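Now, the feature entries from TrEMBL:
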- A:40-152: domain 'PurM-like N-terminal' (DOMAIN)
- A:42, A:87, A:238: Mg(2+) 3 binding site (BINDING)
- A:42, A:56, A:87: Mg(2+) 4 binding site (BINDING)
- A:57, A:58, A:135: Mg(2+) 1 binding site (BINDING)
- A:58, A:87: Mg(2+) 2 binding site (BINDING)
- A:65, A:291, A:343: substrate binding site (BINDING)
- A:117, A:134, A:135, A:161, A:240: ATP binding site (BINDING)
- A:241: Mg(2+) 5 binding site (BINDING)
């Protein structure tokens, strides 16, 4: 959890910008047939033949999106890629390439950037995407990572946020709230460490939660599974800011309402027990926690038999007419309007 | 030059992240037929039919790449787009879309971001590119802009850095060093202002230099002109870090040498006079200044008649075998090895 102060340190200025990019990217291999030219020119050249493409970009800022006190740099590199790939999959697309730009202060030695890029390379390898470009520059303070991801769509495969229809079922993959609870555990341990640096925390009971926070996965498998099941969602979005925030996006853009059933929201037992430990309501965590990178989508009721037996999917509600509004139906059968509590990172 | 302290200030936190993105991008119009879906979903959807595409990305950091003491935010937005489009043109491609991500501290009011986006929109309109996505987040310190640009290539149009051949002519567009001298003028005025805030500087003699620094253009016109002249460069790169640095990239990747003639380097009279005023060597400025965003390319000698009479082009040298090395041939006919002095921004 804590940096080794005696680790090897090579100053970034020893390499210069071009040397640094070359050094960090020299192991990156081109795997995609669509990558004609990768890193090393003014721009990458890509050939998607007749396929439509998707493009998405995300910015991760130290102190806003991550805390290097407990986030290992290799995990951070991995997660930065995942965050972007998740957006590609949320379009029902196949991820193919990424570009990676970083701004980094001189407090980081070369070895830190090597760890960051090792994480990026690991994610690129596992998800079969090529790193085709980027930019590396200095910052006055901290670390910032900007990744752009590109993917391809088969004809008519695109799934937007704005096409949910009344009576569609609202479906979510995996379980929710674990990434947020992982963050609470890590924040708590950070405070304990400040008081007693020699304390050896037992994090074993929280393995799943911490892994969901530090090393999330993007649901590439779901996109494949939906194709195999011959289910094309009527709308889809990934859950980065929290379930309630994403439901609002989806319903607002589709001009529909919805009923979400509290009792249906999928929670891992570790989320339930840690919520009890922290004395937080697990539904609130699932609704507002964010960073789960699960997929939220709607399907026609006709498709329900195709997904019904599958443990990857949970039907959590259904779409209604716009006039009905957006509501959480609680276990006590109360109807509470759904409001956005997503990650408002300008509010500090 | 100086911020108006009484200007209207709307806190970013009043809008929240999604409100902010909506607000800043609401005037952006889709102009490109290839943009199927722009801002508003997990990713943009683009359809390039059978065309190959190019992708490039750049990161601009406050305090490293720009100083808001003298860079108006509207100009900064404009320049941030130009920097990326220049890379697209350096591939001999047509620019079509950009994504824009910004990280910004709470010290910036909404009106500052509106000015930044007004510059981005102006550049997007003039260069006919669509803004199709982005991310807006907070930073702990300062402003950071990450832009990714996408462009299309006609069949066989791509021009790389690695394909210059011995005996090719080395050609540059426009003139060099003005952007660097503009920066020197602005830095000097900043120092004067610190001593005497009531001083009204007369910047009229430096208009060209300051404009080249604050509001550069990318040479889209040259790409069209080369097509009209039926000249396909054998290699090409844009001049962002300085002529010597770009020549080294081009020759290293092409595995060739070159002779560059000092007397041929195109300088604007304003560069020459300001270099005298600052007591700097104008050749050094042209070689190492950077930020000119001109194009450096090589052509076969057979193509020389096609460009010879054109004021946009200056032949500044020729390509030699690798063994000959890279040399500047001075006015006194001395041969000096060309070394990289480009923008080493890790060296502070």
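First residue shown is number 1, and so on along the chain.
Note that Cβ sites are derived from N, Cα and C of the backbone, with glycine treated the same way.
What you see is a predicted model, and the numbers here were worked out from it, not measured in a lab.
Projection of TrEMBL feature records onto the structure.
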residue : record                 : Cβ contacts under 8 Å, 6 or more apart
A:42    : Mg(2+) 3 binding site  : none
A:56    : Mg(2+) 4 binding site  : A:84, A:87, A:88, A:91, A:148, A:149
A:58    : Mg(2+) 1 binding site  : A:80, A:83, A:84, A:87, A:146, A:147
A:117   : ATP binding site       : A:24, A:25, A:77, A:100
A:134   : ATP binding site       : A:21, A:25, A:39, A:99, A:100, A:101, A:102
A:135   : Mg(2+) 1 binding site  : A:101, A:102
A:291   : substrate binding site : A:179, A:180, A:183, A:212, A:213, A:216, A:240
Minimum Cα separation from residue A:65 (substrate binding site), reported as the residue among binding-site residues A:57, A:161, A:241 that achieves it: A:241
Composition by DSSP (helix, strand, coil) of residues within the domain 'PurM-like N-terminal' (A:40-152): 34 helix, 46 strand, 33 coil
Binding-site residues, contacting chain B; criterion Cβ under 8 Å; candidates A:135, A:240, A:291: A:135
Local Cβ density at residue A:240 (ATP binding site) - other Cβ atoms counted within 10 Å: 22
Pairwise CA distance, residue A:161 (ATP binding site) versus the residue listed as 'Mg(2+) 5 binding site', rounded so that it is a whole Å: 15
Local backbone state of residue A:240 (ATP binding site), from DSSP in three classes: coil
List of residues, in chain order, with Cβ under 8 A from that of residue A:238 (Mg(2+) 3 binding site) and at least 6 apart: A:86, A:87, A:89, A:90, A:218, A:219, A:246, A:293, A:294, A:295, A:296
Whole-number Å value for how far the residue listed as 'Mg(2+) 5 binding site' lies from residue A:57 (Mg(2+) 1 binding site) (Cα to Cα): 15
Protein Cβ atoms within 10 Å of residue A:161 (ATP binding site), excluding its own: 24
